[in-house]
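A.B. asks: I am attaching a structure below and will ask some questions about it afterwards.
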């Protein structure tokens, strides 16, 4: 059993892609090579090119877009859903059900992709996601809708990590940064336009189309993948011949410990300050229970060593740890800004939900362009860390400048600052994935990839919860300061999009200042995330991608 961190010196920090079947035992436990893995039958890297690579990219991009849309599309449909089911008390579950199952299952998917065929495993997760979409679309009750969302989360847990694991296996090494950049750009676009698409479908068709929309493109993606050969980084023996050894290698005990730890922590974040006070026994109990289960899980992972669900040799690798930090803080900032920036446009500027989404286009477009351009430049300079540093610094500066918004701020600043933030975020978001897929041994890529996506979702959840707390604590005091004659309780109860209906015209300027202060304070959190990501980027090292020998 090996449990030491993989943290060699700067010049030999990581021995990239040198794993062969002769040293699998040294990295993954003595029985894996014998029972589950066999040498790559192709004798080469097995990557795709031409029309086959184009079709595979098309199918994967469809899937990435659907998963990103699914994470945010429901936000603007919630009012209609609660009205139809008379379920105002279930609002919190409509968003958190998918997030809980996604985060809880995500680390296990890395193990599954390591030992099971990529194509079959990806299609299974795609089918689960489509089943969840169908259940949500045809739901006849609030409980059925929540179950559908939970099933969606289970399927989505394996789709993003699976898509980028397939990219690592199928795309030639010199083109990998560009393809990862395109995938991240599409994911970012989906996250940003989700509320706009959801609002348009809900307004002009039905909220059910927010979920029906996943079925046609999802089915097309499945059909394309069925007709294609997807290469394996490491050839695996058929699962039917190694079912029991496979169950042992998946570390289901570790999953049984991790899932409740993650679930309790996320429930505490979602319920704290809204359903229950932060100091309530329920929230404190959930945090304590999560901490205890996390400690037990960590001990079990250390005991299992390289056969753990999240092997210490991987998560202890400086490149992976730094990449997870960068991904978590950057995605946390993205989630937070994608929610609170449209809210600023609606509450302070008086924009409609649709127009608030349109006004975030500068951020979305610059982020997409930044992702593709950075991916292309990485092909030239062969290093990831400079772009991670540049993007983190730029996104932190942009978010900091957004905190200077006022009700009278013109279009120039809010467009320019969005472009600055989006371009920076686009430059950095793909770098953790590009680095781990370029420099880790092939049999560690799937687990490292799923770990990065877990930290992204986890970071997004934490940032949204902290931002909500900041706004909830800032708004009442700001209202008392800037609008002392206003009915503070009525304004807070009306919310950020309906407070004008309960505000006197004389009090409106002060109320707008109060909402502006409460919302822009959350932008400091995004700036802090960019700063921490900047510091964390140094841990990714300075190795060159062109020095990576081909995977065996």
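First residue shown is number 1, and so on along the chain.
Note: Cβ is positioned from N, Cα and C throughout, glycine not excepted.
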A.B. asks: From the ranges 81-100, 281-300, 421-440, grab the one TrEMBL calls transmembrane segment.
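C.D. replies: Of 81-100, 281-300, 421-440, TrEMBL gives transmembrane segment for 281-300.
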A.B. asks: According to TrEMBL, which listed range is transmembrane segment: 387-408, 475-496?
C.D. replies: 387-408
A.B. asks: Which residue range, 178-197, 498-517, is the one TrEMBL calls transmembrane segment?
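C.D. replies: That would be 178-197, per the transmembrane segment entry in TrEMBL.
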A.B. asks: Please check if the transmembrane segment (445-467) comes into contact with the transmembrane segment (146-171), where contact means 3 or more CB pairs closer than 8 Å and the residues in each pair are separated by 6 or more positions.
C.D. replies: yes
